[in-house]
Structure formats: C-alpha cells, structure tokens
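A quick write-up on the structure given underneath.
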Amino acid sequence: MATERTLSIIKPDAVAKNVIGEIITRFEKAELKVVAAKMVHLSQEQAEGFYAEHKERPFFGDLVSFMTSGPVVVQVLEGDNAIAKNRELMGATNPKEADAGTIRADFASSIDANAVHGSDSPESAEREVSYFFGADEICPR
Ligand code: RTP
Ligand code: MG
C-alpha cells in the first residue's frame with residue numbers, strides 16, 4: 001500500500017471542547033503519524049481560499065464563519081493509505097450519519113460543527129498540504 005500524506009484540521013468546536021489530544025490519539029492508534037502541525041486562528045481570506053471549491057454552495061457563508069470562529073489545529077498525517085484511512089476515522093460529514101466509534105460520531109455536534117476536516121482525494125491532499133505548509137515545515141519520520 002502506498003504511503004500518503006493528507007491534511008487534517010481539528011475544527012474550532014473540537015478545540016473548544018478540549019479534545020485535541022483524544023483526536024490525535026485516534027490518528028496515532030491507526031498508525032498515522034503527525035509530520036507537521038500548527039495551531040492557527042484562520043482569517044476570513046484563509047478560510048475562503050481553503051474551501052474555495054464550495055464557494056457557490058448555500059452553506060459557504062456558514063462554513064467560513066464557523067471555521068474562523070476560533071483556533072484550529074492543522075496537521076499533515078502520513079501513513080499507508082492515509083487519505084482514505086483518515087476519512088474512515090472521521091466518519092460521515094453529518095454526525096447523525098457517522099458510524100459509531102468515528103471521530104464525528106463521538107465529538108461532533110452538528111453538520112457545521114463537525115470536529116474535523118480531512119482531504120478527500122490525492123489532488124486535494126496535495127493542494128491542502130501546500131496551502132498550509134512549506135516543504136521545510138514537514139518532518140518525515
Ligand atoms: P470537510 O471538507 O470539512 O472535511 O468535510 P466533508 O469533506 O465531509 O464535507 P464537504 O462536502 O467537503 O463540506 C465541507 C463542510 O461544509 C459543511 N457542510 N454543510 N449544510 C450542508 O448541507 C453542508 N454540507 C457540508 C460541513 O461542515 C462540511 O464539513
Ligand atoms: Mg470536504
């Protein structure tokens with residue numbers, strides 16, 4: 001299986017609930033390694049640019065205002081099949097539909113405040129990792 005990198009964001013609701021460590025533990029137990037990490041309070045411009053693919057969607061304004069409502073933890077996770085593995089650990093976008101034991105089932109409160117983001121394809125992973133991190137900020141392990 002191919003080693004991949006994916007971008008993870010622990011969203012403002014999960015940071016506010018003080019479950020950063022519990023979420024990172026899920027990644028580590030699944031053999032995903034943190035190879036880059038930072039905490040940031042996104043500006044409107046950063047959040048709009050990050051979610052540009054959704055800019056015509058009716059929920060775009062709510063998404064940007066939620067993502068700028070407090071600090072987030074942005075990380076690059078590395079491991080076998082990291083992109084799909086992270087999406088499995090996260091669970092469905094709407095926590096009401098997320099499988100038991102997933103991060104969103106356990107920590108998310110709504111479809112907006114849904115605890116985590118994860119890249120959804122190799123193309124978005126590449127774009128999203130370089131959106132937040134320069135090559136010199138990633139530490140292969
Ligand atoms: P994310 O990008 O944050 O990892 O979430 P996702 O792939 O599971 O979902 P996506 O379709 O990319 O949507 C991005 C975020 O927008 C909010 N959303 N609201 N009200 C709605 O119908 C709706 N649909 C999406 C969610 O907060 C979702 O995480
Ligand atoms: Mg998405």
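In case you wondered, yes, glycine gets a Cβ from its N, Cα and C as well.
According to TrEMBL, the feature active site, pros-phosphohistidine intermediate maps to HIS117. According to TrEMBL, the feature ATP binding site maps to LYS11, PHE59, ARG87, THR93, ARG104, ASN114. Residues or ranges marked as domain 'Nucleoside diphosphate kinase-like' in TrEMBL: 3-140.
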| What three-state secondary structure does DSSP assign to HIS117 (active site, pros-phosphohistidine intermediate)? | strand
| With respect to ligand 1, which members of the recorded positions PHE59, ARG87, THR93, ASN114, HIS117 satisfy a Cβ distance under 6 angstroms to one of its atoms? | PHE59, THR93, ASN114, HIS117
| request: May I have the DSSP-based helix, strand and coil counts for the residues of the domain 'Nucleoside diphosphate kinase-like' (3-140)? | output: 64 helix, 28 strand, 46 coil
| note | Out of the binding-site residues THR93, ASN114, the residue with the smallest number of other Cβ atoms within 10 Å is THR93
| query | Among LYS11, PHE59, ARG87, THR93, ARG104, ASN114, recorded ATP binders, what is the largest CA to CA distance in Å? | reply | 21
| message | Is it possible to get the count of other C-beta atoms within 10 angstroms of the C-beta of LYS11 (ATP binding site)? | response | 23
| request: Report, in whole Å, the straight Cα-to-Cα distance of HIS117 (active site, pros-phosphohistidine intermediate) from LYS11 (ATP binding site). | output: 7
| query | If you count other Cβ atoms within 10 Å of each one's Cβ, which of the recorded positions ARG87, ARG104, HIS117 has the most? | reply | ARG104
